[in-house]
Amino acid sequence: MLLAVDCGNTNTVFALWDGDQMIGHWRTSTEWQRTADQYYVWLSTLMNLQGIKAQITDMIISSTVPRVVFNLRVLSDRYFNTRPLVVGKPECALPVDVRVDEGTTVGPDRLVNTVAGYEKYGGDLIVVDFGTATTFDVVAADGAYVGGVIAPGVNLSLEALHHAAAALPHVDISKPQNVIGTNTVACMQSGVFWGYVGLVREICDRIKAESGVPMKVISTGGLAPLFQQTADLFDAYEDDLTMQGLRRIHEHNKDIGNHA
């Protein structure tokens, strides 16, 4: 079985794969101080509660937080007796090319989404990921990652309003019934929601115009379902795109005889 780990700035997600079937999926907050022992106790407890008897033989990690990787490596070595693949490291091969400026470092989550998006939808694709940042990743016809856009995340924008303006409260994002708000919370929700709808539409339109070819647009990430309600923005929504990509990258490395 394969344990896939996606460590983001806010949350870390673990998924257990048996072949091409995901049989478990768990989320925790990202904390670099968390030890390998703590990860194992937490994970094994949740597996036991769900009656999952895991025989983990492989592990793959994607992390946008470098400080977390060390203890995840220890988890893999100590408890599963396997050396993990880490996306972005030289020992982890990708099944797609990366065509960006020399010396540029691309976030591993963006590469993983590219792999998964291309496998399912083919090329000429835009992947919009609503995470701590809102990212737009462009996949060429042959599956290559050719760049993208990074914008502030939705919740980050709401928090910035709250912290920078003393009179504005903390609010949760939701789709407002009307554009014109009749109270402060509704005004903030409208500004952020419809502002991001406009941001996504404009950036995707400009990417398509610059690319000069028809492109599919798919969404993923924690807040993607909220914006999926705006039907004309996306062609599809994928709730576990990153985990699908990690499974595919692991499979690719096995196929070429690369066992980290």
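Backbone N, Cα and C atoms are what each Cβ position is placed from, and that goes for glycine too.
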Swiss-Prot annotation, ATP site containing Asp6, Cys7, Gly8, Asn9, Thr10, Asn11, Thr12, Val13 - matching residue among Thr105, Thr114, Thr132:
Thr132
How many angstrom lie between the most widely spaced Cα atoms of the ATP binders Asp6, Cys7, Gly8, Asn9, Thr10, Asn11, Thr12, Val13, Thr132?
14
Please give me the binding-site residues out of Asp6, Gly8, Thr10, Thr12, Thr132 that lie within 10 Å of Asp109 (substrate binding site), comparing Cα atoms only.
Asp6, Gly8
Which of the binding-site residues listed here (Asp6, Thr10, Thr12, Asp129) have a Cα atom within 10 Å of the Cα of Arg110 (substrate binding site)?
Asp129
Rank aside, I only need the closest one: which of the binding-site residues Thr12, Gly107, Thr184 has its C-alpha nearest to that of Asp129 (K(+) binding site)?
Gly107
Residues flanking the ATP site, with Cβ no more than 8 Å from the Cβ centroid of Asp6, Cys7, Gly8, Asn9, Thr10, Asn11, Thr12, Val13, Thr132 and excluding those residues themselves:
Thr30, Thr64, Val65, Gly131
